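K.L.:
Following this message is one structure expressed as structure tokens.
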Amino acid sequence: MSAISLIQPDRDLFSWPQYWAACFGPAPFLPMSRDEMDQLGWDSCDIILVTGDAYVDHPSFGMAICGRMLEAQGFRVGIIAQPDWNSKDDFMRLGKPNLFFGVTAGNMDSMINRYTADRKLRHDDAYTPDNVAGKRPDRATLVYTQRCKEAWKDVPVILGGIEASLRRTAHYDYWSDTVRRSVLVDSKADMLMFGNGERPLVEVAHRLAMGETIDQIRDVRNTAIMVKEALPGWSGVDSTRLDTPGKIDPIPHPYGEDLPCADNKPVAPKKQEAKAITVQPPRPKPWEKTYILLPSFEKVKGDKVLYAHASRILHHETNPGCARALMQKHGDRYVWINPPAIPLSTEEMDSVFALPYQRVPHPAYGNARIPAYEMIRFSINIMRGCFGGCSFCSITEHEGRIIQSRSEDSIINEIEAIRDTVPGFTGVISDLGGPTANMYMLRCKSPRAEQTCRRLSCVYPDICPHMDTDHTPTINLYRRARELKGIKKILIASGVRYDIAVEDPRYIKELASHHVGGYLKIAPEHTEEGPLSKMMKPGMGSYDRFKELFDLYSKQAGKEQYLIPYFISAHPGTRDEDMVNLALWLKRHRFRLDQVQNFYPSPLANSTTMYYTGKNPLGKIGYKSEDVVVPKGDRQRRLHKALLRYHDPANWPLIRQALEAMGKKHLIGGRRECLVPAPTIEEMREARRQNRNTRPALTKHTPVEHQRQGLAANKKRGKGAGR
């Protein structure tokens, strides 16, 4: 039995009294048109949610969870999905909301959804009917907010979703290669909710319904607002400079009064009298009612070291048990970021996932296929959060480090609901997982450590001794799910954290024996210590141990099964030599990767800070602190990606050039230890032909034809004058 957590909410998520509109009951689907509102008997919506995704009434889609959550509180909720952003008209289709607009770009960041890691345009969108691209604008959060404000200037707009969440402070923007302001500043929205939004969304909705204005709601966890000064009653720590944090407000006397200096005069003894016994209130924790003043937007935009410093502070203030508020100046105002919300309890998670989802797309889409839905329609989310803390991943900053798990009964009920109600179900559950497959019910065994810890990862460089690695709850869940009538197979498609799995070989045996469909995805990400240390990923020893156990248990089960490793190229900290060593490892182990991924600098990730600043925010930041090697430039990024696909003939010329430049010509040839073959005679002839046909690139300083003729004439005249 795990110890009771010290991180507890002020009230249960479902303890608020229902709003009066609860009398209408739940809608079959949240309405997307006035006709649907009329059929429900609504004259207006209390809350309208605007999203960049198609509306799928499924708990894997953020707007469905938010909408059904608010509906359960008694509010009438409408959805405007993928509106035409070229005018305000589409944003007015449901009328004026009584309380607020909720705006999100969708389940994905709109820029990542639209562009590849090499900034090339994508031609599909998995969250749109029939996979059609172009149904949402770039920086959708900004555009949607502006249109909502145009439509109804006096209606509050609240931002949410992954795009807004990861842009709550000044941040590096990979697509424009510059530091941008907080999205709250640029959008002119009234409030931003970061991370999972159930707690702040419900509280703000009820407080608005009870008559408070959006400007009066300033103290809700998981929200960011604009302020002119720090909130009353909060004391601040000035961290606008490197390594010189200091108090902004005077430190109060510990006994509540200022004692006068001694004057050396004799003091007559006082007659002692009986005093009433008073009970002192508990002393406040050092992080309570405390904020950190970050370097301003203007400072971090002009100073990369200060940017890394601000990023380091933000990542250390993500534990809801001890996080302090953050404050960052933008012009003449400040972005105020309240501490993260308290994680949902198992009972609250069960209630959220038990809401009346239809588990299918809205009927307005007809027979259109939505790829993102097709991928998850037979999968089940069993938990939230991740304590891995990988530098390139933003799950910790969005969902938190504390695992929020559903109960076994709740998950079993959902499996049965899929079996009985979802069209096309054939008896195979495609995934039981979440951000990670095997963190279900795992948590810190020490309540005190859980409340006060500021580690970025619970498993790097080694697994924390406080961390529970007993997979018994997961094993029991798998076994119970397999026994359900009508269930032929339970697959695990989420990534397995193999360094935790090897701590409990029973889990690997259960996985290999029953839950792998031939291939299992895992993500070592690299083989070399340089990039692994910047990613905060374990070394290959854990991978080798996992593979040994996986192969053993697969053989015992009479199954031929394989691991599919995933790797990232061009991650900060990666030298060309590191990628060559990774390519040689792949060749030795006979891996030929089809899909490879260059590092994608997404907002707020620690790896993105390394990419932009060349500094390592995982350690102490200073102007002379550790510099990080960063693969930049199209050619180097193409090379790193090409080395992951060393077997592709199209990549051989680039790899050969790089190996020659590194002094590694011995890796070119037909021997077993070589990485790529030597060029054929035909390839060398083709290379010479291409070199002959190439011309220098023209620039604005290159003379055009008539200028060349003029220059030639001048040279002749000059020669004649010299005779």
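Numbering starts at 1 and runs along the chain as displayed.
The backbone N, Cα and C atoms fix where each Cβ goes, glycine too.
Pulled from Swiss-Prot, these are the listed features:
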type	residues	note
DOMAIN	372-650	domain 'Radical SAM core'
BINDING	Cys386, Cys390, Cys393	[4Fe-4S] cluster binding site
REGION	686-723	region 'Disordered'
COMPBIAS	714-723	compositional bias 'Basic residues'
K.L.:
For Cys393 ([4Fe-4S] cluster binding site), write down the residues of its own chain that are at least 6 apart in sequence and whose Cβ falls under 8 Å from its Cβ; none is a fine answer.
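P.N.:
Residues satisfying the criterion: Cys386, Ala605.
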K.L.:
Name the secondary structure element type, per DSSP in three states, that contains Cys390 ([4Fe-4S] cluster binding site).
P.N.:
coil
K.L.:
Which ones in the same chain are close to Cys390 ([4Fe-4S] cluster binding site), with CB under 8 Å and 6+ residues apart in sequence?
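P.N.:
When sequence neighbours closer than 6 are ignored, Cys390 ([4Fe-4S] cluster binding site) has Ser457, Glu525, Met535, Met536, Lys537 within Cβ distance under 8 Å.
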K.L.:
Using the CB centroid of Cys386, Cys390, Cys393 as the [4Fe-4S] cluster site centre, which other residues of the same chain sit with their CB within 8 A?
P.N.:
Gly388, Gly389, Phe392, Ser394, Ile395, Thr396, Pro435
K.L.:
Once the chains shown are all counted, how many other Cβ atoms turn up within 10 Å of the Cβ of Cys386 ([4Fe-4S] cluster binding site)?
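P.N.:
Excluding its own Cβ, the number within 10 Å is 24.
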K.L.:
Per-residue pLDDT averaged over the domain 'Radical SAM core' (372-650) comes to what?
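P.N.:
That stretch averages a pLDDT of 96.
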